[in-house]
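The structure appears below as structure tokens.
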Amino acid sequence: MIKTLAAIALTLSFVSAANDKPIAIAIHGGAGTISKAKMTPEVQAQYEAKLAQAVDRGYALLAEGKSSEEAVIATIQILEDSPLFNAGVGSVYTYDETHELDASVMDGKTLNAGAVAGVKTVKSPIALASEIMHNSVHVMLSGDGAAQFAKEQGLEMVDNSHFNTQRRLDSLKRAKQKLGKVSTQEDYIVAHEQLAPAFKMGTVGAVALDSDGNLYAGTSTGGMTAKRYGRIGDAPIIGAGTYANNESCAVSATGHGEYFIRYHVAADICARVQYQQKSVEQAGSEVIFGPMFKAGGTGGVIIVDAKGNIAMPFNTSGMYRASKSNVQPRYVAIFKE
């Protein structure tokens, strides 16, 4: 009897230890000039419901003992399948009224990564980024070659019109009205810089920590409204829009991609955590409100570290975001608090 009770106690102690292991997930649906005054309660509820659905799905997988990779991919695919966000079916239009999608993933345990840029017919760019990480000798593929690889991996392919939405088309028309009034490249650059931030931003992403202590990050986007010449932003750039390292943290970014590339935002945050022993909140805020912001870079990041601490700093009026961990109930927000 005593031996039986001892065995039960030992088993329960193992279960308790397993349950005490931190698990956490944070997601974003883009940052920008999100005005509460211009958003109806109905639209706000739609965004909050989709964010809640996505973060709950990711957390449920983590709670079941699934990997951070599985949680991140599943979460981002929910956002890619929603027309609310600038990724997948909600992707913005290029100047030529097509869609070119980008995505990337990174595994914090191995530092393996996969990225895709400028694909037009792959339903889930985040799934393709994962396939590139696992099944390609390369880190990044683009355009037609990436589409061919997706077909070979058996991923679902769609017509480019799959990503069409009237709301995004209307946004493109407004942008082209402003850009079409210029006659020189110099004037075009000035006009483009003067476009509202909403035209230049919009991404979805997720970062997670699983019960094995592994971090993972992923980011997916339709890019910038009215982008031209095969423009690629920060979302598929490892170290700029996505980064993960078990020694520090996992980061997914959203914002004006050119600045996030120049300031190597995601990797910079992780370096501050790893080498300067800063908290994710401090490291994230220093980068988001530091030299990049002073240079004109706007946006935000989501971060989770190896202990399950979460930070979601942003320097814009809002960022669609949600998080959940084994010590924090579900949190969903859009505006500054």
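Along the chain as shown, the residues are counted starting at 1.
Cβ atoms are placed via backbone N, Cα and C, with glycine included.
Unlike curated records, TrEMBL annotations are generated automatically.
Quantities reported herein were computed from a predicted structural model and do not represent experimental measurements.
Annotation comment: TrEMBL describes THR203 as active site, nucleophile. Marked as substrate binding site by TrEMBL: ARG231, ILE232, GLY233, ASP234, THR254, GLY255, HIS256, GLY257. What TrEMBL records for 1-18 is signal peptide.
Location within the structure of each feature annotated in TrEMBL.
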residue: THR203; record: active site, nucleophile; Cβ neighbours (10 Å): 33
residue: ARG231; record: substrate binding site; Cβ neighbours (10 Å): 17
residue: ILE232; record: substrate binding site; Cβ neighbours (10 Å): 20
residue: GLY233; record: substrate binding site; Cβ neighbours (10 Å): 28
residue: ASP234; record: substrate binding site; Cβ neighbours (10 Å): 30
residue: THR254; record: substrate binding site; Cβ neighbours (10 Å): 32
residue: GLY255; record: substrate binding site; Cβ neighbours (10 Å): 31
residue: HIS256; record: substrate binding site; Cβ neighbours (10 Å): 21
residue: GLY257; record: substrate binding site; Cβ neighbours (10 Å): 29
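In the three-state DSSP scheme, THR254 (substrate binding site) is classed as strand.
For the substrate site, whose annotated binding residues are ARG231, ILE232, GLY233, ASP234, THR254, GLY255, HIS256, GLY257, the maximal Cα to Cα separation is 16 Å.
The CA atom of ARG231 (substrate binding site) is located 15 Å away from the CA atom of THR203 (active site, nucleophile).
Looking only at Cα atoms, THR203 (active site, nucleophile) sits nearest to THR254 among the binding-site residues ILE232, GLY233, THR254, GLY255, HIS256.
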